[in-house]
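S.K.: Below is one structure. I have some questions about it.
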Amino acid sequence: MKLAYWMYAGPAHIGTLRIASSFKNVHAIMHAPLGDDYFVMRSMLERDRDFTPVTASIVDRHVLARGSQEKVINNITRKDKEENPDLIILTPTCTSSILQEDLSNFVKRASLESKADIILADVNHYRVNELQASDRTLEQIISFYLEKASRDHSLKIQKSLNPSVNIIGITSLGFHHHHDLVELKRLFQDLNIEINHILPNNTSVNQLQSLPQAWFNFVPYRETGLLAAELLKKEFNMPFIDITPIGLTQIEFFVKKIQQILADNDIIRDYTMYLNTQRKYVSQSAWFSRSIDCQNLIGKTAVVFGDATHAAAITKILHQEMNIHVIWSGTYCIHDSLWFKQATEKYCDQVILTDDHEFIGNLIAKTEPNAIFGTQMERHIGKRLNIPCGVISSPVHIQNFPLSYKPFVGYEGTNQIADLIYNSFTLGMEDHLLELFGGHDTIDNKTYGSSIKSQDEKQVLWSLEAKQELSRIPRFIRGKVKKNTEQFAQANNYSKIDLKVMYEAKEKISG
Amino acid sequence: MTLSTDLSFTFECETGNYHTFCPISCVAWLYQKIEDSFFLVIGTKTCGYFLQNAMGVMIFAEPRYAMAELEEGDISAQLNDYNELRRLCIQIKKDRKPSVIFWIGTCTTEIIKMDLEGIAPKLEADIDIPIVVARANGLDYAFTQGEDTVLAAMSQRCPHKNLSLNTDNTHQPLIIFGSLPESVTKQLTLELLKYNITVSGWLPSAKYTELPVIREGYHVIGVNPFLSRTATTLMRRRKTKLIGAPFPIGPDGTRAWIEKICSVFNIIPLGLKEREQEIWNNLQDYTKLIQGKSVFFMGDNLLEISLARFLIRCGMIVHEIGIPYMDKRYQGAELILLQKTCEDMKVRIPKIVEKPDNYNQLERIRDLQPDLVITGMAHANPLEARGINTKWSVEFTFASIHGFTNARDILELVTRPLRRTVNLQASENSIFSQTY
């Protein structure tokens, strides 16, 4: 048993559901107790206009006693008829996995009766987390459809005429994934490379047989897609790129790697001119680093924490591109420690591998950086310690699904990140200066004082109990409640406000 | 308490495929209510993930709650439950110094048959801190029923003996059960005092150390419709007398609730009718907005019958009352008031659908096109995108909705989507008033 207050990565089934619900026309059925279908928050976080294609086959007391029997099968065949999905993924949860029901048998029997393909998500709830499970599920679906296609000879292995790529790992509830995707499309268009498929994002599983047509695969985020890319490499000898094009330096590595893959296929392209133009004119961040603004950032310290992809990328940018001293850089993707260590150790004093937020909180307090780049949790730690924080990675909040265009990858991404970094530091500076010069000079201004002096100086008293009650009202409306209650008391000639007067005022003042 | 046989309700029971919060969510409001408590949820990452997301920003306020996250060794019994729990509870005791630790059992502890009730008394004696066990799991319960399991367990801990006897009561002692914000308990206490009724105590109290004395023969009354187990425990185990009444939600419910208490104590509630009328008069600007409009409850928190009854009194037409679980005995008086309200307002009694099936409900919503759907967040945005006004049901469990004083707050919630739509239409800009 482990005492836990907060987790950076969710349970395994969330990963499976993120993959399933990102494909087009794929339905997930969770074998789960009531309330475990909390994944439906997708419609809130992503403000999705469609119903999330996830339902539950409820495990209740009866199931516990007798087993699911026909229930799971009925739920699968019912969903098959109602929604006509191409694929149904039966998703075990931590609860159902210890019941040790023969779910694969249910899948077998249900597939006899349904038009949809049916598979059982193969993830161990006590060994893998959300990210590892998403990686595995994506591989599982791809492998299922490639085998199917190979059986009925519909596999398309002929390479496309022009160079083309599969982008693997764009999922729902991914950190800025959909903005990144727009930027990636633009980048590949500029490089004159066609996009064969984007997985799993809104792609139909019936298109998967043409995955091998692409010249190479690209995995933008390490957390999801590497297993699939390795599978495709093994089966079809497709090379893949796992360099994340976040930051100018990484973009150049990424593009050079493409250039090399093309050269291996006897296509000689030189992207040097393109890179120069983009760096000079599209991205402002190289110039920004030279501008005198950025001189102020020299010697400033930062700490970085997040998933492996984003934490590593931001660490490199801070160190290489903005000359900021990174005291430590860390990730909660402990399963990917080796890669993370190699990727970041040159760019920071210390590499941290942990999924314990309290450890991170203490470390931040101890190292006292000028700015934090982390997840929502680090943002709150920063609030507590009065250190500014830029959010660079999941876990996500609704505010991490901005309406405006905010990619992290590509050239526009470099602009966004430069703003994010610069704003985090200047805000900290501004606060510091304000404090140094005695704060906002308006703080004692009359508007903050008592609200009733304007009324003919007749003072209204508050009883002790009423005062306590007032203090329980949330701060942002307390002033209004105080003012309204006092006006109400005066209008009714009450000399003292006690609880009764307070409640009476609440009942009688409308709006 | 018997349910009269002439009730003309249609009760249906569907498949139980519906969205609701897991009952462990009750820790979110109970740890705030019981100030000296600590809630330990013994479960898996799934439970933790749910709480972390459902509690929103509260999770950053160092809540007095934590997961005892079960690992593979716990599931396969390689680790000893007692020793593991002992280690965690000693740490909690040291770091947070609570007066009580609540253990919330989950689906996983049920399935692996972890004997929490057996371990707790031993560990309690061992480390000298009260440990209260509540099985608030998703195998058996929905959302607010979590509070019911906790209060049922707590009612066993209420002291039997008075230290100081207060003799100025003119009636038998009265205990009210149900967790409400402190200000709402004060409002209801003051309200009853107007009719010379003294509340001897609340279950739960603001502090665990201040749990009320409960003795045989005391009267008890509930404030919320989801407290059946607590009511049963108070009656059977603590030998109290349950006052079966509608719940004090809406001015009509509040009056009926007070009236019932008064009738049990042979008190004539002078001025109560006028008081109710006064509140209604103050609600007119809101009731005007919803009169004749229709509403559909998908059902997820058990407040549905009381809210539907209040909204019918406000002049709304209720298409369907979805509800996770319907205790016809505990909610008997509320059902009778619902029927009477329908008769008074000359509308048909809505169909009550227990364990609803969300898919079927969405089909019915498509056919009926109600003016308002009260639903969970799984469906809210997709329904809005289809041009249907929604109100997120969870807000009713967190807002103050009890008593005369808060009637306006219920309507504030109910009318908000309608006001929004009216405002958008009034903007004369077709961009904002279309479906999407």
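Glycine is no exception: its Cβ is also placed from the backbone N, Cα and C atoms.
Where the annotation comes from TrEMBL, it is an automatic prediction and has not been curated.
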S.K.: Which of B:Cys13, B:Cys22, B:Cys158 does TrEMBL put in the same [4Fe-4S] cluster site as B:Cys47, B:Cys107?
M.R.: B:Cys22
S.K.: Quick one: mean pLDDT on the domain 'Nitrogenase/oxidoreductase component 1' (B:22-416)?
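M.R.: Mean model confidence (pLDDT) across the domain 'Nitrogenase/oxidoreductase component 1' (B:22-416) is 94.
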S.K.: I want to check the contact list for B:Cys47 ([4Fe-4S] cluster binding site): same chain, sequence separation of six or more, C-beta distance under 8 angstroms. What comes out?
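M.R.: The answer is B:Cys22, B:Ile24, B:Val41, B:Met67, B:Thr106, B:Thr108.
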S.K.: Could you say which of the binding-site residues B:Cys22, B:Cys107 has its Cβ with the most other Cβ atoms inside 10 Å?
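M.R.: Compared across B:Cys22, B:Cys107, the most Cβ atoms within 10 Å surround B:Cys107.
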